[in-house]
Amino acid sequence: MWIQVRTMDGRDTRRIDSLSKLTKVEDLRARIQQIFGVALESQRLFYRGKQMENGHTLFDYSVGLNDIVQLLVRQIPDSVPTKDKECGISDADSGCGSGQGESDKNSSCGEGATDVDGQPAGINSENVGPSLYKKNDLVDARDLNMGAWFEAQIVSVSKRVNPDGMSAEILDTSAASDDIIYHVKYEDYPENGVVQLTYKDVRLRARTTLPWHDLKVGQVVMVNYNPDEPKERGYWYDAEILRKRETRTIKEIYVKVLLGDAGDSLNDCRIRFVDEIYKIEEPGSAYITTESPQKRQNGPECKHCKDNPKRACRMCACYVCGGKQDPEKQLLCDECDMAFHIYCLKPPLSAIPQDEDWYCPDCRNDASEVVLAGEKLKESKKKAKMASASSSSQRDWGKGMACVGRSRECTIVPSNHYGPIPGVPVGTLWKFRVQVSESGVHRPHVAGIHGRSNDGSYSLVLAGGYEDDVDNGSEFTYTGSGGRDLSGNKRTAEQSCDQKLTNMNRALALNCSAPINDKEGAVAKDWRAGKPVRVVRNTKGKKHSKYAPEDGNRYDGIYKVVKYWPEKGKSGFLVWRYLLRRDDEEPAPWSKEGKERIKKLGLVMQYPDGYLESLASKEREKENKTEDELSESPSKGKRKRNSAGSGLSDAKSTPKKTKVESYKLSLDQKTLIKQDDLNAKLWREVMSFLKEGPKFLSKVEETFLCICCQEVVYEPITTECHHNICKGCLDRSFKALVHNCPACRHDLGKNYSLNVNKPLQAILSQLFPGYERGR
């Protein structure tokens, strides 16, 4: 097998050949050193987000054929300092740890450091001098994140100290100064603690409601507004009145909501609570005593229960029971922010844990399953059960193409699809069985029959077979599976017991248009009424059949089971035999018509990505090795020299590009394409690929791929921005309150109607018959 190694910046990509699934990571590093020239200790290898460590194999990391492994070159410092600089970056800072170290928590070099008494650094609480507000004054304080004003109380007042250590003097005692710091505490949010604000974000608490006739256009007032849900009660913002309108029944007022000093605003917002508009108090007005104020009404914190204390709510209270009692016994998950009573957990906790972070059972990650950077992989239970894990054989089984695994999967039709695969004509050739699996024609890598014992058989492969199998091309006898000891990791063995009509043998028998009979077999009265079976012939069948391909695997079309019966084979054991007969409209690939059609369609051998390059690289290595051996050995005679023009002639003699037969659309299909007006531009581009033959279907699949599920759209919704998405995918997006096009983020709106594009659905069903099954 071979893989691609790419540098982390993406500038250099090299292919590494002659690898195995059992290749050690340290051996891979040695190969990378030869090709990239990077020292072993400077290499960091990553595959699918995991850092590859020595001692493991490519199989342990599930590295597949032609997969990409990323190479990060580690920078090794010339000299390691003996002592870290003060406030320097430690080794833990460059690692992948998730927690904060004790040294970081106690460091005084970071931002927001505090003194011993808890007072922020650079703040002097002595000799503050005159200020606008005093301790215990009731004020409105602005939240710097959202720009809304909340009721608060001043806890203390302090003075900022200049960097030179001298206190800033207040020149005008009546004017506000940036050097005065107000320590305030929000009344409704004590959990936020004490917040430091300047005079711009603190003012006297609003207490005067303005009547309707006193509201003037251009006046700045305090209003209640909810930016997310304008029809609901929200928080208190400064706003400039834009216009007002009064009729006999309603009063309307539109404002520009001001969101802080940065200049951000929300224009043309309608205020619903016109009777609760407050005047902004000027500095120097009469102070409010602690006994007097009437609290303003804010929007509910919880949209589900509207802050009703008698109503159980799993959103704002305990996520298990919904109860709002015992708030001191509730734990808040640091991941999902849901609350849990300690006695509602399973198992319950006796006390609040002392850990800094706590995660609920749904969010908690098992520390034993987490693989940190630099750690070895955990043992896989699945791989531990494999025969290769307990085998004592030293044979390198990881070089075969049957072990590389699929690099892609056929999703155009489900795995239990009967009949042809759309876009795969009769006569298609593949070099390896794994490619046949990727195309969807025959999904198992090794097994000869693909099916289900309660449904039927979908495909089979004619490979080595049995000695007494008869292949007449359009009709052949096939011997069932089983009766062999394939324990361990064996692929084949001699017949050692009788076969039974179970598992895949029964699946193939179900394709016969006759009642199942596991004693004597059955014969179909109308063999064409049976279920279709896709048949692939392998080159290994050449020892028994002249119809097998010269190389690789070939798709030979649809066959039907005529009859099946038990009999004793040459081995002396009972085997089940099946007679299959061809029933396909496309000509057989060995016939004259079939050969002409293969030529017209331009069907040639298909190789895995990178296979030909790997093969050419091996040939060059052999040639170089041979030349080195010849140059080192003493010459006894003249060696024939290659002509100077031979290499050029080989390069010029490229095969002629054969003309491919165009893909033909039926009259009904052309009519449906014309009816699909919404996708007229896409169809014009797709129709230009008709002359490419089978590639036309690949272009259709690529063009009408749903961006959500990455499959051909089913029940397509063609949006107003001309993107095609499955109705189910778009419906799930709308249920998640995301009303944008998944492709371009165009706003579709909450009331967007999901109308299926019926002409597009009809043409896709004709081009890809059966693709809607399982969707």
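Placed from the backbone N, Cα and C atoms, the Cβ positions cover glycine too.
Here is what Swiss-Prot records for this protein:
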type     : residues         : note
BINDING  : A463, G464, D469 : DNA binding site
COMPBIAS : 616-628          : compositional bias 'Basic and acidic residues'
REGION   : 81-128           : region 'Disordered'
REGION   : 131-207          : region 'Tudor-like 1'
REGION   : 293-301          : region 'Linker'
REGION   : 333-337          : region 'Histone H3R2me0 binding'
REGION   : 616-655          : region 'Disordered'
SITE     : C316             : site 'Histone H3K4me0 binding'
SITE     : P327             : site 'Histone H3R2me0 binding'
SITE     : Q330             : site 'Histone H3R2me0 binding'
SITE     : T479             : site 'Required to confer preferential recognition of cytosine over thymine'
SITE     : R491             : site 'Required for affinity and specificity for 5-mCpG sequence'
ZN_FING  : 299-366          : zinc finger
ZN_FING  : 706-745          : zinc finger
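Overlay of Swiss-Prot annotations on the structure.
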{"residue": "C316", "record": "site 'Histone H3K4me0 binding'", "Cβ contacts under 8 Å, 6 or more apart": "E301, C302, H304, C305, D307, K324, A339"}
{"residue": "P327", "record": "site 'Histone H3R2me0 binding'", "Cβ contacts under 8 Å, 6 or more apart": "none"}
{"residue": "Q330", "record": "site 'Histone H3R2me0 binding'", "Cβ contacts under 8 Å, 6 or more apart": "A317, C318, A339, F340, H341, I342"}
{"residue": "A463", "record": "DNA binding site", "Cβ contacts under 8 Å, 6 or more apart": "G448, N538, K540, G541"}
{"residue": "D469", "record": "DNA binding site", "Cβ contacts under 8 Å, 6 or more apart": "F476, T477, Y478, T479, H544"}
Taking DSSP three-state, what's C316 (site 'Histone H3K4me0 binding') in: helix, strand or coil?
coil
Can you tell me how many other Cβ atoms are located within 10 Å of the Cβ belonging to G464 (DNA binding site)?
15
Within 10 Å of the Cβ of T479 (site 'Required to confer preferential recognition of cytosine over thymine'), how many other Cβ atoms are there?
21
DSSP three-state assignment (helix, strand or coil) for P327 (site 'Histone H3R2me0 binding'):
helix
What residues elsewhere in the chain lie close to the compositional bias 'Basic and acidic residues' (616-628), defined as a C-beta under 8 angstroms and at least 6 residues from its ends?
15, 17-18
Please state whether DSSP places T479 (site 'Required to confer preferential recognition of cytosine over thymine') in a helix, a strand or coil.
strand
Other residues near the DNA site, CB within 8 A of the CB centroid of A463, G464, D469?
G448, L462, G465, Y466, N538, K540, G541, H544
What counts of helix, strand and coil residues does DSSP assign across the compositional bias 'Basic and acidic residues' (616-628)?
13 helix, 0 strand, 0 coil
